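Among the features that TrEMBL reports, transmembrane segment is placed at 29-52, 64-89, 95-116, 123-146, 166-185.
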Amino acid sequence: MIPTSPQSGFTGRLKKGLSFAYGELLADIGVWLLMGIFIAGTISCLVPDGLIEQYLGEGIMPMLIMLVIGMPVFVCATSSTPIVAALALKGLSPGAALVFLLAGPVTNAATVTVLIKILGKRVTAIYVAVIAVISLLLGVSVNYLYGLFNISVTGWVQGVASEEHGIFAMAMSALLVILTLKSVLPGLKNKHRHPAKPGDAKCCH
């Protein structure tokens, strides 16, 4: 019988997985996560309910606007998720939210600049165009399905939010913030001492 090392058993793998999830992974995405939560909280507090729906309307227009906003701006998938949830709570259509989530992280200016150097302008233009078209098609499809089944994304988000005011949820949120800061702060100190080179920034896509 082949002896099992401590690290190859279930306990060892579990310990290794938790160490990665709450160590290296949080160190990589922690800044973006905190940034997204902060922006989402700001939107929730300052933007009146229904304002986005009132000015952007429905249909394809809000999707095009979110596409134009998301494509040139460097937005990480980690930070865009809470931001989009807050926008949906304020009246953004689910299709427009999906367009921002799909197109933003993979077509931002930083990514496109790197792709131009590697693949060339023509291939990069095709890449961006395909992402944009597919995102819009999926956005239209999602809006159609939500309308077909009479699903209210605003009601769904509000329902989830109303369940997160208990002591357990608040304690877990505080614990997540503490673990995130614990993972992020040492990296920020090292970057302050040794400034990162362009392209060294990490983000979860």
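Note: Cβ is positioned from N, Cα and C throughout, glycine not excepted.
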Quiz prompt | Tertiary contacts of the transmembrane segment (64-89) (same chain, 6+ residues out, Cβ under 8 Å) | solution = 29, 32-33, 35-37, 39-41, 43-44, 47, 49, 52, 56, 96-97, 99-101, 103-105, 107-110, 128, 132, 135-136, 153-154, 157-158, 161, 203-205
Quiz item: Apart from its near flanks, which chain residues at least 6 from the ends of the transmembrane segment (95-116) lie with a Cβ under 8 angstroms of it?
Solution: 56, 62-63, 65-67, 69-77, 80-81, 84, 87-88, 123-124, 127-128, 131-132, 134-136, 138-143, 146, 153, 199, 201, 203, 205
